[in-house]
Amino acid sequence: MVRRKRKKNIHFILRYPINLIVILTLVGLIYPVVSKNYSMPCANSLSCEESLKFKVENNAVGIFENQKVNTPNIDLSPGIGNQSVLGESNATGEKHIYVNLATQTLSAYQGDTLFMQTLISSGLWGKTPTGDFTIWIKIRSTTMSGGSGADYYNLPNVPYVMFFSNNQVPASAGFSLHGTYWHNNFGHRMSHGCVNMKTTDVAKLYEWADPPTAGNTTRANDTNPGTKVTIIKGS
Amino acid sequence: MATLRRKSILISLIILIIGVSLVFLAKQSYKVESRAFSALHDSPTPNPTIIVSNAVQETIMDSPDGKMTLKMESQQQGDYVEYSFYTSSKSVPTKQYIFSKKEIVSDSISIPYNTWSPNNSYLFLKESTPVVNDYYVFFASGKNFTDNSQYLDIQELFAQRVTGYTILDVTGWAAPNLLIVNTKANQGERKVSFWFNVASKTFTQLGTYFY
């Protein structure tokens, strides 16, 4: 009886190959969705890969909200980022960055010592992901572009970029904390997913956060892991 | 035979519907909100606390790139407070006079957190009274506008050019010459953002609410 039923099932598929085609097509559609490697939208839709590399374009002109933006030149000599902050040298413990999307606030701690608290701008046209992340690379300057129509933007020389990721938000999605020269509306959502910061704030955070800065591109590894970043919806 | 054929078509249809639903649900979790109307209250813009006494109080706000500084000096004189504003650059610390005003103690002037335009060309101040808040845009260099006015009065210009809305707050700069003005419709609860273009002195209603 069982053998006859199994024969029937195989016969059912082979006799009607359309069933096999439908099943294979759906597997092809569903698998990327449920697999860990499903690619969520890039933070910068047009410069998805390009933004992950160090780049400086001095004397360039950017575009944001259909407005031309004069791009600040990048000075690669050690600057304000190296200024020591009161209390930093005495602090011990693990470094951790917290972002509260409801209050649009970033707080950075080392152990129980507050290093920095400041207003940020998270995603308005794209969602800033929530969860626990780790900084995987720090890049001194890069170009970011994306959006379309009235939302199109092309921004050279985005300074002090710290890309973060986790199992759900891969490194390739390009979400980061970074400096901002094209708007000044901190405390309110303004970005396409990244966490925008005042350049003076992020310069200090960049030098403070792990992995310790080494050159224009600094990758985290097992010996020098990146600082944890926790982003919450908040209330 | 016919029953088997019908059965196979039915099963194929069910699998197809389940699969498409799964894909649709998964995409929903990554849906990008391109137009956001929010019922959330705006995050309060932190204002520096002003303790008014006979001594001159100073409040400072640096530009986001750290190159310019706006300083407010306030001094209480009886029932009034005298406010004065100056800008200076880090490279040349000489004070540039911008504006001064005497206010009764029930009113105040403050430096908004996002006072500086992204290219440091402009700044805006907030005047708070028990009745209404007003916002004034200045050249950071201290020069006058083309009509020789020292500043642009946002409430006044808004009342002249836009009907049907009331300003809730001016929060900051969307671009070097675009100020974000959040408003509420006079009829109903709808919230709408405008851009105020400092160069053309015009308001543009936006499809996205900047919350």
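Each Cβ is built from the backbone N, Cα and C atoms, and glycine gets one as well.
Annotated features, as they stand in TrEMBL:
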ACT_SITE  A:H178  active site, proton donor/acceptor
ACT_SITE  A:C194  active site, nucleophile
DOMAIN    A:95-232  domain 'L,D-TPase catalytic'
TRANSMEM  A:12-34  transmembrane segment
Number of helical, extended and coil residues in the domain 'L,D-TPase catalytic' (A:95-232), per DSSP: 16 helix, 69 strand, 53 coil
Rounded mean pLDDT for the residues that make up the domain 'L,D-TPase catalytic' (A:95-232): 96
Around the Cβ of A:C194 (active site, nucleophile), the count of other Cβ atoms that are within 10 Å: 28
